[in-house]
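Quick notes on the structure that follows.
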Amino acid sequence: MANDASTVFDLVILGGGSGGYAAALRAAQLGLDVALIEKNKLGGTCLHNGCIPTKALLHAGEIADQARESAQFGVKATFEGIDIAGVHKYKDEVVAGLYKGLQGLVASRKVTYVAGEGRLSSPTSVDVNGQRYTGRHILLATGSVPKSLPGLAIDGDRVISSDHALVLDRVPKSAVVLGGGVIGVEFASAWKSFGTDVTIVEALPHLVPVEDENSSKLLERAFRKRGINFSLGSRFSGVEYTADGVRVSLENGKTFEAELLLVAVGRGPVSQGLGYEEAGVALDRGYVLVDEYLQTNVPTISAVGDLIPTLQLAHVGFAEGILVAERLAGLKIVPIDYDGVPRVTYCHPEVASVGITEAKAKELYGADKVVTLKYNLAGNGKSKILKTAGEIKLVQVRDGAVVGVHLVGDRMGEQVGEAQLIYNWEALPAEVAQLIHAHPTQSEALGEAHLALAGKPLHSHD
Ligand SMILES: Cc1cc2nc3c(=O)[nH]c(=O)nc-3n(C[C@H](O)[C@H](O)[C@H](O)COP(=O)(O)OP(=O)(O)OC[C@H]3O[C@@H](n4cnc5c(N)ncnc54)[C@H](O)[C@@H]3O)c2cc1C
């Protein structure tokens, strides 16, 4: 649809990342007239600077590890090194293929795609390149960018963000990764596989600190075994340049020298200077505030994705975008249960979870009402074949449903789909125990864990 003074879209979306484009696709499918405004590349962070390119790097790292470890499987292969240009070529091809597909999809749904930087000009309009796009409703989906710490300047050379790390033209000999959350441990893992000497600095007492403590401890054990160094529980105090790299200091007096410092301390919302405040949209520390239906305090404006203070995950952005589209189309919607969103950290080994941690369950239900069960992957045939260590931990409300599933081990991210059904359908252990799992698969470990929790363990001790 051409835009002129008389055109009023049903929905004008600012930002074409996971949240924005999902809303556009679903709204168009439901018959709404949609304009989607994107200043950079359709697909946003996830496709171009996040999920997809990092997972390609991690996969290249996995191949490198397999080549190094091939003798354990009786296979003669030699690891000669990383051809970083080749790794980028592979990664970029994956991204380019998906990008092309996404562009085709948006065009096929007859979404009006507007290339350019937009600014909210009123509660019902966005200005782009001197033109005004008016909508019955506006969706803000401008996402997030890497954050730093006060006084820590990211120079893109020796002190870098994940954006720089994704296009680095070499494998660093050594690196300090500031932040032991998802992004930090994923880069640490990939770099270690490529041959970098890595040290992670995390101020909190554990790596992946939002996960169940058991998962963090298992990851720490696995990283120690892989030779990934980490310092926990002490905060960063400063960085200085050395002759050939950086020296990173912590508040506890420790220092670490490396070729570069990757700052992975989180991402902040993109909301400044975009007219949000002028239009009356309530913000908190830069995040746009929304209700459970993702509507802001301005009735014609909704917001989704990394811009709002919910889980910063691509699939959360998709779900939120779909929710807004369906609400505007008049469909019956239910608010998102954010505990029911699966979370995967794709390091080696993987950490995955859905539902709540043991600590949170105890807080919610009382310590005496919470039952946990751990199933070691050592008893799982497929995990043994893969030579991966790890555990499944279940958190159950006594005599009730499973409220948390926590997985650690290679490829366990692929098991989170079943775990998600278990949590979201409020399954009882006995109901899951009744389901037959294929042998030998890693999914069997989930079945075995539930058999044990239901009081009838098969391949595990009572
Ligand atoms: C290194 C890394 C790895 C990640 N890995 C995963 C993962 O494995 N799984 C997962 O689920 N999530 C992952 N994420 C998080 C995921 O990428 C984000 O949660 C997701 O991209 C958020 O989507 P969004 O639409 O809110 O924002 P974005 O994807 O950031 O999209 C916002 C878009 O808005 C555009 N924009 C901003 N301002 C304007 C303007 N004024 N005018 C026009 N356009 C504008 C931007 O150009 C951008 O394209 C990762 C993130 C990073 C950084």
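Just so it is clear, glycine is given a Cβ too, placed from its N, Cα and C backbone atoms.
What TrEMBL lists as active site, proton acceptor is HIS439. The NAD(+) binding site annotation in TrEMBL covers GLY179, GLY180, GLY181, VAL182, ILE183, GLY184, VAL185, GLU186, GLU202, GLY266. As annotated by TrEMBL, disulfide bond applies to CYS46-CYS51. Annotation source TrEMBL lists domain 'FAD/NAD(P)-binding' at 9-321. Residues or ranges marked as domain 'Pyridine nucleotide-disulphide oxidoreductase dimerisation' by TrEMBL: 341-449.
With respect to ligand 1, the recorded positions CYS46, CYS51, GLY179, ILE183 contribute CYS46, CYS51, ILE183 as residues with a C-beta closer than 6 angstroms to one of its atoms, given in sequence order. In this structure, the recorded positions CYS46, CYS51, ILE183, VAL185 were compared by how many other Cβ atoms lie within 10 Å of their Cβ, and the smallest count belongs to CYS51. When the Cα positions of GLY179, GLY180, GLY181, VAL182, ILE183, GLY184, VAL185, GLU186, GLU202, GLY266 are compared pair by pair, the longest gap among these NAD(+)-binding residues is 14 Å.
Here the CA atom of CYS51 (disulfide bond) lies 22 Å from the CA atom of GLU202 (NAD(+) binding site).
Recorded residues GLY179 (NAD(+) binding site) and the residue listed as 'active site, proton acceptor' have their alpha carbons 38 Å apart, per Cα-Cα distance. Each residue in VAL177, ILE200, LEU207, VAL208, ALA264 lies on the same chain as GLY179, GLY180, GLY181, VAL182, ILE183, GLY184, VAL185, GLU186, GLU202, GLY266 and has a C-beta within 8 Å of the C-beta centroid of that NAD(+) site, without being one of the site residues. Listed in sequence order, GLU202, VAL208, PRO209, VAL210, ALA264, VAL265, GLY266 are the same-chain residues six or more apart from GLY181 (NAD(+) binding site) with CB atoms under 8 A from its CB.
Within its own chain, the residue listed as 'active site, proton acceptor' has GLY381 as residues 6 or more apart in sequence whose C-beta sits under 8 angstroms from its own.
Note: the CA-CA distance between VAL185 (NAD(+) binding site) and CYS51 (disulfide bond) rounds to 14 Å.
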